[in-house]
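According to TrEMBL, the protein has these features:
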| type | residues | note |
| --- | --- | --- |
| TRANSMEM | 48-71 | transmembrane segment |
| TRANSMEM | 160-182 | transmembrane segment |
| TRANSMEM | 203-231 | transmembrane segment |
| TRANSMEM | 237-262 | transmembrane segment |
| TRANSMEM | 282-305 | transmembrane segment |
| TRANSMEM | 354-374 | transmembrane segment |
| TRANSMEM | 455-476 | transmembrane segment |
| TRANSMEM | 507-527 | transmembrane segment |
Amino acid sequence: MAVREFGNKMMEINARRIGEEKKKKRGLEQQQQKKKKTIKRSVSSSRVYVVMLAIFSRFVILALFVFWRILARPYDTSAGLTRPCLSPNQNDHQVNVKWKTVGSVIENGVVWDSVYYVQIAQCGYEYEQTHAFLPVLPLTMRFLANTVLSRLVPRVGYRATLAIAGYLISNVAFVYAALYLYKLTLYVVEDERQAWRATALFCFNPASVFYSSIYSESLFAFCSFAGLWNFVKGSKWMAIVLWGLSSGVRSNGVLHAGFFLFQSMHYCHQAAFSQQRRLRGVLAVVTAIMQSGAVVTPFVAFQFYGYYQHCDPSVGSVEELRPWCTARLPYLYGFVQKHYWNVGFLRYFEIKQIPNFMLASPMLALAICSLISYGKQRSRLLLSLGFRATPMEWGKLVLSPTLEQKHVKYIDDNCSADNGELQQRQQTKIERTIAEEHGLVNPDGLGSFFSPAAVCFLVQLAVMTSVACLIMHVQVATRFLSVSPPIYWYAAHVMDPSVSGRPMGRLIWAIFFSYLGLGSLLFINFYPFT
C-alpha cells in the first residue's frame, strides 16, 4: 500500500514537472515569437528607409542638374546637335515630331559619354571608337524606347526617347543597387548601423552625378551588388548571369570571375589536407574555371563582334584593315582605349595632370587607407590571401553558403518583400539575443569592416586601385572605384564615434557633398569633371 502511494506521488510530481516544463517552453516560444515580430517590424520599416533615401538622392541630383543648367551657360553647346546615322533607315524616327521643344530640351541634357550611349542605341556601332562603350546599356535603352516608351517617339523624337530610357534605367538601377549593397554590407560587417551608414554614403558618393545620368555606373552597380548577394547566399547561377551582364556593361565586370577562383582556391587548399576530399578540390577548381569563363563570355563575345565588323573582308563596310586586326591578339577594346583616349601604363604621369590626380585623391585615399587599415589589423589574413585563416574564420572568408547557411538564411528570410532588409540587433537586448541565436555576432570581437569576408573584396579593390593609378585616366578613378563596397565599409567604420570621432565623419560627408554639388554643376554644363 505504501509502495503504491509512493508511486502515485512520484507520478504526480513527474506530471507536475512535465507540465511546468511545457508551460515554460510555451512561454519561451511566445517570447521568441514576440522578439521575431519586433525584428520584423523594424526590418519592414528599414526597406522603406533605404528606398526612400536612394530615391531622394536621385531627385536631389536631377534637381541640381536642372538648377545648374538654368543658372549657368554650357561650355559646349554641341550636345543638342543630332549626328545622323550612316544607315538612312535609322533616321526616320525623327520625322514629324510633335513636341520639338521638349525633345530639344531633353537632348540638350545628353552630355559627355551619354552622347555615345544614345548614338549607339540609335545607330549601332558604326564607328571604331564607339566600341569603348559596351552594349548592354544601349541595347536596354533601345528595347525600352521601342516597347514601353514607344508612344513618346512621335511626340519628342526617337533620340529624346532613348535619352529618357537611359535616365530611367540609371535611376531605377541605382535604387536596386542601394538595396543590394545594404544586404551585402549587413552580411559582411554584421552591424546594422554601419550597413545603413555605408548605404547612405553610396547614395551620395563623389561620383553620384554619373549614377543619375546616361552612364553605365548604375546598371553596373546593380549587376555587381546583386550578383555578390546571390553569390553569398549560394545562388551561383544567378550570380553568373548578373556578373555576365556586368561584363557586358563595363569591362571591369570580368573581375567578378575572381570570386569563383578565390573560393575554389581555398576549397582546393582545404581538400589538399584531406585525402578523402582531394577529388572535390579538383572538381571545385574545374567548376570555378567554367563559371569564370561564363562571366567573361559577354565581354569576349563583344570583341569578336568588333573583329567581325571591322576586320572581316566579307563585310561590305570593311575597306581597309585597321592595325589591331593583324595583331597576334586582335583586342579591339584595348586598341580603342590606347589609340583614341591615350590609356596605357604610366601614360598619365605628366606634370599637367597633377590637378586630375588631386581631383581623384579623395576616392584613392579611401581605397588605399582601407587596404592599409585592414592590413594592419588583419595582416595574417590579407597578406596570406586568407590561407592562414582559422577554422572559425574560414567559412566567412570564402563566403561559403554552407558554413554560413544559418547566417545568410536568416538575413535573406528577413529581406523578402514583406520583411525588408533591416536587422536592428544592437539597439535592444531582444535584438541582440536574436542575433546571437542566429550566429550574427563576430566570434573574434572585431566585427565591422574587419570581417574575414572582406578579404576577397579588398583583393579586388587592390587590383582596381592599381589600374586606376597606373593605367587609366586617373580622374576616372572617382567613378571607377565608386562601385567597390569596401570603400563605403571603411568610410562607415572610421565615421563611427568610437573609432575616429565625429570630425572624421564630418570631413567625409563634406567631401562627398562638395563633389555632388560641384560635379553636378560641371557635368551637366559640359565642363570637365571626371
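Quick reminder: no glycine exception, Cβ is built from N, Cα and C everywhere.
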Recorded stretches the transmembrane segment (203-231) and the transmembrane segment (455-476) touching, at least 3 CB pairs under 8 Å
no
Interface-richest range of 48-71, 237-262, 455-476 toward the transmembrane segment (160-182), CB pairs under 8 Å
48-71
Out of 237-262, 282-305, 354-374, 455-476, 507-527, which stretch touches the transmembrane segment (48-71) the most, going by CB pairs under 8 Å?
507-527
Same-chain Cβ contacts of the transmembrane segment (237-262) under 8 Å, 6 or more residues past its ends?
134-137, 216, 219-220, 223-224, 226-228, 230-231, 288-289, 291-299, 302, 333, 385-386, 398-399, 456, 459-460, 463-464, 467, 480
Any residues 6+ beyond the ends of the transmembrane segment (455-476) with a Cβ under 8 Å from its own?
188, 252, 255, 258-259, 262-263, 341, 343-348, 353, 356-357, 359-360, 364, 367-368, 370-371, 374, 378, 381-382, 385-386, 397-399, 484-487, 528-530
